[in-house]
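Structure first, then comments.
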Amino acid sequence: MNILFFGPNGSGKGTQGAILKEKYSLPHIESGAIFRENISKGTELGAKAKEYIDRGDLVPDDITIPMILDRLQQDDCKKGWLLDGFPRNKVQAETLDATLKKANMALDIVVEIELDREIAKNRIMGRRLCVNDNNHPNNIFIDAIKPDGDKCRVCGGELKTRSDDQDEAAIDKRHNIYYDTETGTLAAAYYFRDLAAKGGSLKYITLDGAPGVKEVAAELVSKL
């Protein structure tokens, strides 16, 4: 089962991915982690990516997509994978789709978690990250996942706050990219939605991200 996740920052996308990872024993692959791994290992692609990152530039697709494909072809992905954080625009979606097909790798399910921008922003400003696992849900504004004081509600680990999670301008910038249906991340999601509508094996699932973590997870599992 190969699954691609879409959702704005604050939608709980990472949390839902972590739940599916545990339930189905699938690797949860985040594009940022792929960059960090390649750079730390000193791979040829990692070295090229680092040059762009150090300049503050976006890493081009001809570097990013081969990295992602290499990760998806590793042994732990043979029974399936969850990909999160890529693609971020329609061109990347088209390129990823063509690359997977060329590699004889099927994309089975695309999940889009929908959430109002204002709700998403409030969630971001209230979230706290566990030093042991960023996907442990802790949010000072949501009763169901409020942390245990200054400790993670899941494992008791130390909590930290990302500086850009408290920067409204930075949050708005991220959301502007995501919610743009012409050139942004939603344009990538809708590319796959349109593919699924044409028939074939690809399934496109939309979820309301407003309810609690357990409710969203239950709906997601029921639709898979």
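Glycine residues also receive a Cβ, built from the backbone N, Cα and C atoms like all the rest.
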The annotated region 'NMP' range in Swiss-Prot, which must be one of 30-59, 60-89: 30-59
What same-chain residues lie close to the region 'LID' (126-165): Cβ under 8 Å, and 6 or more beyond its ends? 10, 12, 14-15, 17-18, 28, 171, 212-214
For Ser11 (ATP binding site), the number of other Cβ atoms found within 10 Å of its own Cβ: 26
Fill in the CA-CA distance, Pro211 (ATP binding site) to Arg162 (AMP binding site), as an integer in Å. 24
